[in-house]
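The structure under discussion appears below in the form of structure tokens.
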Amino acid sequence: MEMNGAPTKSKSRLVPVGTWLLPTCLLCAYGFFANLRPSEPFLTPYLLGPDKNLTERQVFNEIYPVWTYSYLALLFPVFLATDYLRYKPVIVLQGASLIISWFMLLYAQGTLALQFLEFFYGIATATEVAYYSYIYSMVEPSLYQKVTSYCRTATLTGFTVGSIVGQLLVSLANWSLFSLNVISLTCVSVAFATACFLPMPTKSLFFHQNLLYPGDKEMYISDKIQVDSNDYALANTTEAEEIESRIALNSEIRSESDVKNCSPKNSNDLQSVLKTFRKYFLHCYSSRTLVCWSAWWALSTCGYCQVVNYAQGLWEQVAPSSHSDIYNGSVEAASTLLGAVAVFAVGYINTSWSTWGELLLAFFSVILTITVYIMDTIRNIWVCYVSYVFFRSIYMLLITIATFQIAANLSMECYALVFGVNTFIALLLQTFLTLIVVDSVGLGLDIFTQFKIYAGYFTAISLIFFYEWTLPCTEKMQKAANYGLIIGSLK
């Protein structure tokens, strides 16, 4: 790397194993046990069965929507609280919320009580940001990739093992669904106990910054990259598009005044934090390429969550658990494993995402539409299962590509902010969709009609990105230039 014409050598130093191994192992153990919930693939049959004796309208139109609303309402306050409290207390809160959720799932009765259960589960879901952010405050940036893979593997393994164990106990040992919930309560209790032993971080992104070390990875996006529309018109459009996609969004060297303004003595003021948050936000979304991938992330995640949340309800309608065997655990495990294989394959895909990315997003969105439509129209449980497996696998593949495209041009800290904003937008869209389509306050549609709407939703996503791909390259570059000018005027 060269700076001001003079070559500089990157510093590499061996990080002592003891400084990162303990918190990483404890966090992985927490993630494994928190996701080791054998009863989760069988939640809908359990609520509709003799243990709770609820109606389909109560479950789908009155109870399940509460999770979406509470998740949305809590996401931003929890994000700020996570940073202010420095992660660990919020992870402990997540463990406690999971315990309360499964305790109520065992013993609570009636619609109102289970709506409160969904609220506590919304707390547990909103606090996931602490789990995925904690480790970055405890390890050196050189270890980010390694510890991230460990933590995500732990959660994936926990969910897969839980699904397989649940299916085996139901199909072979003939265990009741109530017993599966007892096992889930035990596992989340172990996770809560593990969280209590996590070391307490000394810094965070906004409230407790530690920016006075010259070796820290820079978090700001370059202000010095200016886009001139005339340059785009003169340059080769394909090459310009490639360059725009490869611009490093975290390349600015922070000045001494920046460090002073973000110093710990100022970082605890809420107004200062919100001002810093705004600056980070404008910097992170200063690239049209990043906005494009973020838009697909938010739009598709909204539809994905709706399909996954209500898939068990669809299966229950196609093949009621009271009259046939259920294999929900096997399906969830298979979809997770196939998704993991697809994610692994991403590393071997060699293509120009700046050129073909929008077309591929449109194409795979069409496939997502087809899988959802098949689930809805062909009333065969095995066809539903296979379609669901393909649906989840394709989504995991695409969201991994989107994550890579976004993270490639951002520091880990800025990536966490983009992740939070994209998730918030997805939840906002999901809330509107739930309120209109699912909630009894809105249309309160039946499950089959809901899935027709979800298929149409993914069709709309595919049309949006296909239209963007068909635009002439010069028009894309002009739009990128105009977008850059708009963002620049807001800074």
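Quick reminder: no glycine exception, Cβ is built from N, Cα and C everywhere.
TrEMBL entries are annotated by machine, without manual review.
Among the residue ranges 149-169, 275-295, 296-316, the one that TrEMBL annotates as transmembrane segment is 149-169. The transmembrane segment (416-439) is in contact with the transmembrane segment (63-82), judged by 3+ CB-CB distances under 8 Å for residue pairs 6 or more apart in sequence. Of the two recorded stretches, the transmembrane segment (175-198) does not lie close to the transmembrane segment (382-404), with fewer than three CB pairs under 8 Å once pairs fewer than 6 apart in sequence are set aside. For the transmembrane segment (149-169), same-chain residues at least 6 beyond its ends with a Cβ under 8 Å from one of its own Cβ atoms are 24, 27-29, 31-42, 131-132, 135, 175, 179-180, 183-184, 187, 327-330, 332-333, 336-337, 340.
Outside the transmembrane segment (119-137) by six or more residues, the chain places 23-24, 27, 30-31, 34, 66-71, 73-75, 78-79, 82, 86-88, 90-91, 93-94, 97-98, 100-101, 104, 144, 147-148, 151, 198, 201-205, 412-413, 416, 419-420 with a CB less than 8 A from a CB of the stretch. A contact between the transmembrane segment (451-469) and the transmembrane segment (355-375) is present, since 3 or more of their C-beta pairs, 6 or more residues apart, lie under 8 Å. The transmembrane segment (63-82) shares more Cβ pairs under 8 Å with 89-107 than with any other stretch in the list 89-107, 355-375, 382-404.
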